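Database features, via TrEMBL:
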| type | residues | note |
| --- | --- | --- |
| COMPBIAS | 626-643 | compositional bias 'Polar residues' |
| COMPBIAS | 783-799 | compositional bias 'Low complexity' |
| REGION | 624-643 | region 'Disordered' |
| REGION | 775-800 | region 'Disordered' |
| REGION | 827-848 | region 'Disordered' |
| REPEAT | 43-85 | repeat 'ARM' |
| REPEAT | 251-293 | repeat 'ARM' |
| REPEAT | 419-461 | repeat 'ARM' |
């Protein structure tokens, strides 16, 4: 300690030579952790800072070096801030120097305290100084300068000022291709990331000087930190429409999409963020679809990482706001994930899952699937929430239910769900105007069914609902969380329950008129029916309606049932054929996903041949399916085509598995020294590989999946005895069963029952349960209805107030559309815009 005190006293003297000697010794002492602490404790820091004003450049230089090393410790760093403006001024006078230790020490010092000196940088035009330094000839100066900038641009004002400095962006972007050190490249990527957060103008300016190309050049790096930062910088840039155009022009969309598969969750998350931002612009959607963007997004729905899940859901929400991605989501069986997504305990991801449900529910073809996957039940359960903190959940949930109640079968489901209509009526008075509007719209959709309208009346919600859908406002009430604290009179709730129960027909008594309604819905929504099939179904419906409005008016119930069975016999084979085509298309989507997840063959020519073989199998199958899509096609014929395609794909993937396994062995054989295989074993290994290749070429026209599997096992057995290749034998076991199990679930005789629809009438009965056809083309005759009459209560007959409410309802029907729908907003910005935390670690070569 006394030694340090002596140096301190010397640098206070007026002897220039003594000062140079003493500050040099202090500089050297700062390489020692204990001595740095002694320097701080003895009050030496202030004396060192004063030396920055000395006229001798050597003293300035050594003082900067000493401060640089002192700034490596968190302790006492704030005491060094007052030196920042002096160091900045010294640097400014030396920026033109080609080789200058003062520049290296000074930039290193400012790097280490960069997040503490924003005011100094702003006050002294430090942006101008550092814009020159990132173009300096010295590699060390450039590295330190970009490191310091990465800390400065935490400040939005400094980041904005850098854009105004002529040539600054270009100098920074040039470092993406000129620097070799990966840590420094990571800092450059983070600077671009932070600069691009500011505005579209900054993003477009960075794009013009080559930032997109510079970042893309690092997409294949093995350094995951650099890769993650480069992807995120590109992701933020993609918020700009102009940058999106540039990414598409460079055909880099598929690069981002493929990186979502990355096992590093940070890399996958950042890539998904890029896709999310690209999808905000409609013109990018087609490019993303061509890159099969939904495959990795749906795959990552299995993640347990909450941050990754949030970004994946955000990307899906924005994508599925467009019709084509929403259709592909359905075709790729994305709905199987929806119920589990709605079961998460993470509040933010739950909100996103609800928004995704609402966005998907905007498309009519998705509405039944949302119910069938269990998601509608989950959404209805959220209506129990009542506190004001639940407003975001209730807002999005009610919007989703509003969209879902456009579907007739969903109306019946909501009607039969315990307390669902009660909850919707109570929420008409919730303290949130959008929730009020959404639940009023959902109830309005439900009220188009007379029996449900009567339930809403009994619960006292008819007037409130009509007021809201007509553009009026309601004063909210404070609602309780439990039904015991309900705002609805208990007697009214009991009467509503009786009405629901009494108006619920047995499954076996579905009316003929309702079955016609099911068929009409199918004609509108089933995209797999051919024109000829639609024409035939319309013809049968017309004939039946003609009967209903003629002889049917005098028919008894048994005659109605007979007519219904006749109609079923004529239309159900057509519906079964449509469902078989749907299964076929689902299978195509699964096969393409399977191929994308397969490891690529190491031989590029062989990989290309394999891809062409795959496409030919698919195209041949599509052609055959098209030939069976006429009026004479049956479900059995289409199922036969599906079964034949499955067998061909079993063969194809078994062959690919054998080729992949063979490629692994050949790669080992080509580098025997790395695996320590003796020459005799290596020769034997090559012989087995040659024999296997010859067998594949000879038998590829007639070999089946079982033959390829047998050959794979033989190859495994052959190499199992070679030392150091036991891991390949294990890999073979994995290769044989890796995908075959998944694609054998149909079996040899065609798709299994779980992938085929059962009797359409049974499905219709389960979905519609006697839905009223009030106002339909059938004339609304009730000859076949067998509804029981509810027991009388004080609410069975409408009161005078109820009659007034019913009149208002009928008046509103003339002005308000019978089907209300909410278009959910998908303009959710990317979450990952937090500034990156770099610039506080001293590079080892900065110490003296």
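In case you wondered, yes, glycine gets a Cβ from its N, Cα and C as well.
Bear in mind that the values here come from a model prediction, so they are computed numbers and not experimental data.
Long-range Cβ contacts of the repeat 'ARM' (43-85) within its own chain (Cβ-Cβ under 8 Å, at least 6 residues beyond either end) map to 4, 7-8, 11-12, 16, 19-20, 23-24, 26-27, 30-31, 33, 36-37, 101-102, 105-106, 108-110, 112-113, 116-117, 120, 123-124, 842, 846-848. For the repeat 'ARM' (419-461), the number of residues in each DSSP class (helix H, G, I; strand E, B; coil) is 34 helix, 0 strand, 9 coil.
Regional average pLDDT for the repeat 'ARM' (251-293) in the model is 91. The DSSP breakdown of the repeat 'ARM' (251-293) into helical (H, G, I), extended (E, B) and coil residues amounts to 30 helix, 0 strand, 13 coil.
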